[in-house]
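Features reported for this protein in TrEMBL:
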type: TRANSMEM; residues: 41-60; note: transmembrane segment
type: TRANSMEM; residues: 72-95; note: transmembrane segment
type: TRANSMEM; residues: 116-136; note: transmembrane segment
type: TRANSMEM; residues: 156-174; note: transmembrane segment
type: TRANSMEM; residues: 186-208; note: transmembrane segment
type: TRANSMEM; residues: 228-248; note: transmembrane segment
type: TRANSMEM; residues: 269-291; note: transmembrane segment
type: TRANSMEM; residues: 324-345; note: transmembrane segment
type: TRANSMEM; residues: 374-393; note: transmembrane segment
type: TRANSMEM; residues: 399-421; note: transmembrane segment
type: TRANSMEM; residues: 442-462; note: transmembrane segment
type: TRANSMEM; residues: 474-493; note: transmembrane segment
C-alpha cells in the first residue's frame, strides 16, 4: 500500500467522520466541505483583522486614556479574550455547526429554555455581525476619504462615501458567491498579508519617525479627552480593544465547510486569539510610538482635518506624502479582505438560523446554489440589510453610528450565552470533544462568563462628559429596540412553532452511512416535520 493510498483512506475516513458528526447533530451536508485546517485559521484571522479594526477605532483609543491606557487595556483584554476563545473552542469541538453560538446555546440550555435562548442569541449574533459588516464597509470609505485629505484634496462627501461602501459590499457579496475553497486560498494569502502588513508598517513608522516615543513614555503617558475621572476612563478604554477582537469565533461558522472540523475549527479560534493579540499589540505600539504628545496631536486634527482617520494621520506624521499614501493602500487592502470574511460569517449564521426556521420565509432564505453549494439567498439578504444601514449614513450620521455600535455588543452578548449555559445547565452533562480543557474547562468558562458580563455592561456607559444629545451613547436604546422587536416577533409568532436547533443526543448511537442511514432518516424527518418552513 502506497503513501498516497494511506493518505486517501485517511481523508475518506475523516470525511465520513465529519459527515457522521453533522448527521448526529441533525443536519444534512448541504454546504461544500472544502476548507482545509489552514484555511480555517486563515479565514478566522482575516475576519478579525486587528490591523484594520485597530485603525478604525484609533480615535477612541487615543482620546480615551492615551498611550499607556491603550497598551494596558490591550494586554488585559488579550488575556481574557484568549480565555473566552478557549471556552468557545471547547464547545465548538463538540458542536461544529455553521450556527456557532446560536446553535451551541440551543444545545447547552435546558430543553425548556433552548428555543427562546437560542432565538435571542441568534438574533443578537446576526444583528451584531450585520452591523460589523456595515462598519467595515463604512470604514473602508472613510479611509479612502482620509487618503484624499493627505493628498491635499477635500474629503469625500457623505453621499460619495455611502456609494463607495455599497459598491464594496456588492463586491464582497459577489466574492462570497464563489465556492468556499476558492475564497479559502485567498484567505491564506490574506492572513500572511495581514501579518506582514503589521510588521512592515511598524518598521516604517518607527524608522521614519523623527521623535519616537520611548518605551517608558509609551507605558506611562496618559491622555483624558472624555471629561470623566481617570478611573472611569480606564474602564471604558477596554471598548476599543473589544471592537478590535470582535469575530474571533469565525472558524466555527465555517465548520460545516471545514475538513476535520472537530479539531480544525476550535484550533482556528484559539490560534486566531493568540496571533491577533500578538500582532495587534505590535501594530498598536507602532502607531503610538510615533505620537510624542497625544494631546497636541488630537488638537492638530480637531479642525478642518477632523474627518481624517487618526491612524492615517499617524502615517502622515511619520512619513508625509507618498509614503503615507502607500501605507493607506496597505490598510485599505486589509480592510477589504477583513470585510469580505466578515460578510461570510454573517451569511453562515443567517443560513443556520434560516435552516431552523428562525426568519419569516426561512424556506426561501435557506436556499443553496447547487453549483457552488453556497447559501446564495442569505448572501443577498445580508447585502440588502447592510445596504439599508449604509444609506442611513446619509440621513443621520448619529443614527448610523448608534446602529454600528450594536455590532460589538451583539456579538459580545451572544458569546456570553453558550458559555454561561455551559457553566450552569450543562455543567454536568457537557461532553468532551477532541479539543477539551479537561478539569480547567469549567473554571475558564466561569471566568469568561464574568468577563463577558462585565464588559457587556461597560458598552452601554457614556463615553463623553458632559453628556449631550450629540455625544450620548445610544447603544442601550438600539440594543433594547432589537430585543423588543425580536421579543415581539417571538411572542406573536415564533413561540408557536420554533423549537430551536436540532438537539444532539449523545446516548443514541450513529447508524452506518449508506442506505437507511442517518442521511436518509434525517432527510425524511426534516421534511416530515416541516423544519424549514
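Any Cβ shown, glycine's included, is placed from N, Cα and C.
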Next on the checklist: So, taking each listed stretch (41-60, 116-136, 186-208, 324-345, 442-462) in turn and counting its Cβ pairs to the transmembrane segment (228-248) that are under 8 angstroms, which one gives the highest count?
Outcome noted: 41-60
Next on the checklist: Using a cut-off of under 8 Å between C-beta atoms, tell me which stretch among 186-208, 269-291, 374-393 contacts the transmembrane segment (116-136) the most.
Outcome noted: 374-393
Checklist outcome for this item: The recorded stretch from 186-208, 269-291, 399-421, 442-462, 474-493 sharing the largest number of CB pairs under 8 A with the transmembrane segment (41-60) is 269-291
Next on the checklist: As a test: from 72-95, 186-208, 269-291, 399-421, 474-493, pick the stretch that has the greatest number of Cβ pairs under 8 Å with the transmembrane segment (324-345).
Outcome noted: 186-208
Checklist entry - Can you name the far-off residues of the same chain, 6+ from the ends of the transmembrane segment (269-291), with a Cβ under 8 Å from a Cβ of it? => result 41, 44-45, 48, 50-51, 54, 58, 61-62, 67, 70-71, 74-75, 78, 81-82, 84-86, 88-89, 92, 194-195, 198-199, 201-202, 205-206, 209, 212-213, 218, 244-245, 248-252, 297, 311, 314, 317-318
Checklist entry - Any residues 6+ beyond the ends of the transmembrane segment (399-421) with a Cβ under 8 Å from its own? => result 84, 87-88, 91, 101-102, 104-105, 107-109, 117, 120-122, 124-132, 134-135, 138, 239, 242-243, 246-247, 249, 389-390, 392-393, 445, 448-449, 452-453, 455-456, 459-460, 473-475, 477-479, 482
Checklist outcome for this item: When counting C-beta pairs under 8 angstroms to the transmembrane segment (72-95), the leading stretch of 186-208, 374-393, 442-462, 474-493 is 442-462
Item to check | Tertiary contacts of the transmembrane segment (442-462) (same chain, 6+ residues out, Cβ under 8 Å) | outcome: 80, 83-84, 86-87, 90, 228, 235-236, 238-239, 242, 405, 408-409, 412-413, 415-416, 419-420, 422-423, 427, 471-473, 475-476, 479
